[in-house]
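Below: the structure, in structure tokens.
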Amino acid sequence: MRQVTLLGATGSIGDSTLDVLARHTEKYQVYALTANQASEKLFEQCQRFQPKVAVMRDRDAARTLQIALKEAGIKTEVRYGDAALTEIAADPQSDIVVAAIVGSAGLLPTLAAAKAGKRILLANKEALVMSGALLMQTVMDNGAELLPVDSEHNAIWQCLPVSDSQQYHFADKGVRRLILTASGGPFRDWSAADLATVTPEQAVAHPNWSMGQKISVDSATMMNKGLEVVEAHWLFGLPANQIEVVLHRQSIIHSMVDYLDGSVLAQMGNPDMRTPIANTLAWPERIDSGVMPLDLISVGRLDFKAASFAQFPCLKLAYQALKAGGTSTAILNAANEVAVSAFLENRLKFIDIATVIEQTLMAVSSQTADDLEVILEADRLARQQAERVIC
Ligand SMILES: NC(=O)C1=CN([C@@H]2O[C@H](COP(=O)(O)OP(=O)(O)OC[C@H]3O[C@@H](n4cnc5c(N)ncnc54)[C@H](OP(=O)(O)O)[C@@H]3O)[C@@H](O)[C@H]2O)C=CC1
Ligand SMILES: CC(=O)[C@@H](O)[C@H](O)COP(=O)(O)O
Ligand SMILES: [Mn+2]
């Protein structure tokens, strides 16, 4: 029985992961569940999955959860705080850690899981964007496995000649380029004039995927694809000029690998995160995910279109940051997180998200990024600067 710790259990990836785990109770046991402050939802999950430990980042939420569990006679031990999140990620009693906290808050727990040599199912792309070199080195030094849950990276991983789960360099494996598909988000057909009045509600309404708020806004600006270009660089060891993005509105092809001999391998499926979650959970085996078989006849057609930097300036900024190297991508990530929060709180216009990120990148200087303290300082300075730009 493999013991699973699910970081970010109350989110969209958390829900999908628990759905897959519930289908395979003979193989997997939930060891720990974590959340930020959604105590009610975590309580329901504890009731159903009876984990040994539940961790809430928020102290009051942890107290509420503890009382509810006691009243219900559930023996789950409750812990709280950032240190407890990092500790549970490294707990020797778990084998698999699902990294599904959103944003930079996922970095330290993911690094801790890597240090502890876990199988990490990585959804938290921001951890790699902030600290790609450090995280990959930590994974390799400690015999951890970093398996991509992000649908594009999981697709690429399935199309690469992977013979063990600790391969992260494909530059010399006959690969010409990686082709990441992008839906283009809810505004892919909107005019520049219409974008000026976009509301948070419109921005989080993704046409193909049901996801958390932050990643949904990232999809709408296509910063999500930009973060994914950086993520692909670190996961697969290819430079920016061998990682391309193509618009594919149906989200049926999740990404492709173009080989030197002209073969292009694609992974397809219904847009449902239970597929990559089941794939990484069971790798190298295959298990049922609950996802319906793909009905190509009803899909009917697959469209492709070039992704324009003019239409999606955030994508351009991400490529620039990757090429600049060092802490540039940590600065990009922090500025994006601040700008997206401000947009969701109606403090910033949708079209100004890219401007905030660009101005932050210009103002905060990039440093060599092989040290955690340097990365965290870049993150702090970038947040400060981005808030200044917004005010
Ligand atoms: N959703 C998807 O389909 C996909 C998501 N991803 C990536 O997976 C990650 C999670 O995304 P998603 O599930 O959509 O996000 P959600 O917003 O739905 O869920 C986020 C989870 O993280 C927890 N959380 C938030 N802030 C903190 C914090 N400061 N400390 C600890 N826990 C925190 C939340 O707890 P609480 O509920 O208490 O706030 C919740 O459990 C992101 O990095 C995203 O980019 C990648 C590919 C697809
Ligand atoms: C499901 C997933 O992996 C998301 O990252 C998804 O890719 C978002 O879709 P787009 O960013 O292509 O709109
Ligand atoms: Mn993705």
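Cβ from N, Cα, C; glycine included.
Taken straight from TrEMBL:
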- THR10, GLY11, SER12, ILE13, ASN124, GLU126, GLY212: NADPH binding site (BINDING)
- LYS125, SER151, GLU152, SER183, HIS206, SER219, ASN224, LYS225, GLU228: 1-deoxy-D-xylulose 5-phosphate binding site (BINDING)
- ASP150, GLU152, GLU228: Mn(2+) binding site (BINDING)
- 4-132: domain '1-deoxy-D-xylulose 5-phosphate reductoisomerase N-terminal' (DOMAIN)
- 146-236: domain '1-deoxy-D-xylulose 5-phosphate reductoisomerase C-terminal' (DOMAIN)
- 268-384: domain 'DXP reductoisomerase C-terminal' (DOMAIN)
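Averaged over the domain '1-deoxy-D-xylulose 5-phosphate reductoisomerase N-terminal' (4-132), the predicted model reaches a pLDDT of 98.
Note: the Cα of SER12 (NADPH binding site) and the Cα of LYS125 (1-deoxy-D-xylulose 5-phosphate binding site) are spaced 14 Å from each other. Close contacts with ligand 1, defined as a Cβ under 6 Å from any of its atoms, occur at SER12, ASN124, ASP150 among the binding-site residues SER12, ASN124, ASP150, HIS206. Among the binding-site residues THR10, GLU126, ASN224, the residues whose Cβ sits under 6 Å from any atom of ligand 2 are ASN224. Neighbours of ASP150 (Mn(2+) binding site) among the binding-site residues THR10, LYS125, GLU126, HIS206, GLY212, defined as a Cα within 10 Å of its Cα, are LYS125. Taking a Cβ distance under 6 Å to any atom of ligand 3 as the criterion, the binding-site residues SER12, ILE13, ASN124, ASP150, GLU152 reduce to ASP150, GLU152. Packing around GLU152 (1-deoxy-D-xylulose 5-phosphate binding site) is summarised by its Cβ count: 28 other Cβ atoms lie within 10 angstroms of its Cβ, all protein chains included. Take the CB of ASP150 (Mn(2+) binding site) and look out to 10 A: across all protein chains shown you find 27 other CB atoms.
Proximity to THR10 (NADPH binding site), judged by a C-alpha distance within 10 Å, picks out none of the binding-site residues LYS125, GLU152, HIS206, ASN224, GLU228. Within 10 Å (C-alpha to C-alpha) of GLU228 (1-deoxy-D-xylulose 5-phosphate binding site) lie the following binding-site residues from GLY11, ILE13, ASN124, GLU126, GLY212: GLU126. The binding-site residues considered are LYS125, HIS206; of these, HIS206 has the fewest other C-beta atoms within 10 angstroms of its C-beta. Neighbours of the Mn(2+) site: apart from ASP150, GLU152, GLU228, residues of the same chain with C-beta atoms within 8 angstroms of the site's C-beta centroid are LYS125, PRO148, SER151, HIS153, ASN154, LEU180, ASN224, LYS225, LEU227, GLU231, ALA232, SER255.
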